[in-house]
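Everything on this sheet refers to the single structure shown next.
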């Protein structure tokens, strides 16, 4: 029969293991990855009819998730104005600072960009690897740019009228490039050399002047890059840009898919390697620009956020 001293020694030795086993059995479930959202042209971070609604939907579908909807400016009015008139490179820099300072994002986050917010968040992924972006979802983003005049009916229609006139007057002039957001991803397939030399944003993040290896490495670090294309899009021209396709160089009628572009065949951004590794996801949806139902969003987007 064991002595009292031996029993006490055995109990002392087993106690930490018992406590550890009990603790492991009562661990809280891991928190879902945080989510960062960037709105599109003429929208704001917190519009209850758009990004505010998306934020609430995600929070309902994924309990406990932290959602940050980026506000570029001091308030919603500035946020809307900046989506038209603040240099995109400055906007991306501001977004990077916001993300870097947020303690809830330091272990990584997922991101959803709506319309132009899609290519803006891709720029964040390429330029600012800290904190790390895990999955990027681009909903109607224009990753090869646009070559069509923007249409935005409603309250912003007068601004779009001004944008059309400015782009017609000279999309690649220095003053238009520096002061008009949409000019900074204007891609003229008939004037490719002018575009490459004068585009202050898109030509840079698409590696069309020179190769920045860090851009490539940072984008390839994504777990998934999801692109949503709208078949009946009346805003984005060409719509293939939403899947990284574009017009064949030298004309503006025939479009080619991503896999036939120089960007892909020369793998200037790492997209070819990502495609082969199964990291690129192409989703298609009937309907016009950003026309998304709650049911579609829940079925096709929410699974990437868990």
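Here the Cβ of each residue, glycine as well, is placed from N, Cα and C on the backbone.
The feature active site is assigned by Swiss-Prot to 115, 233, 289. What Swiss-Prot lists as disulfide bond is 45-46, 96-128, 152-160. Look at Swiss-Prot and you will find 197, 212, 232 tagged as N-linked glycosylation site, backed by sequence analysis. Residues or ranges marked as signal peptide in Swiss-Prot: 1-27.
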Residue 45 (disulfide bond) and residue 96 (disulfide bond), distance between Cα atoms, whole Å: 16
Per DSSP, three-state class assigned to residue 197 (N-linked glycosylation site): helix
Number of Cβ atoms other than its own within 10 Å, given for residue 232 (N-linked glycosylation site): 11
Cβ packing number for residue 45 (disulfide bond), 10 Å threshold: 21
Spatial neighbours of residue 46 (disulfide bond) that are distant in sequence (at least 6 apart) but have CB under 8 A: 52, 69, 71, 76
Residue pair residue 197 (N-linked glycosylation site), residue 115 (active site) - Cα distance, angstrom, rounded: 25
Which recorded positions sit within 10 Å of residue 115 (active site) - Cα, from 45, 128, 212, 232, 233: none
By Cα-Cα distance, the member of recorded positions 128, 212, 289 nearest residue 45 (disulfide bond): 289
Spatial neighbours, same chain, of residue 212 (N-linked glycosylation site) - Cβ under 8 Å, 6+ residues apart: 126
Fewest Cβ neighbours within 10 Å, where candidates are the recorded positions 115, 197: 197
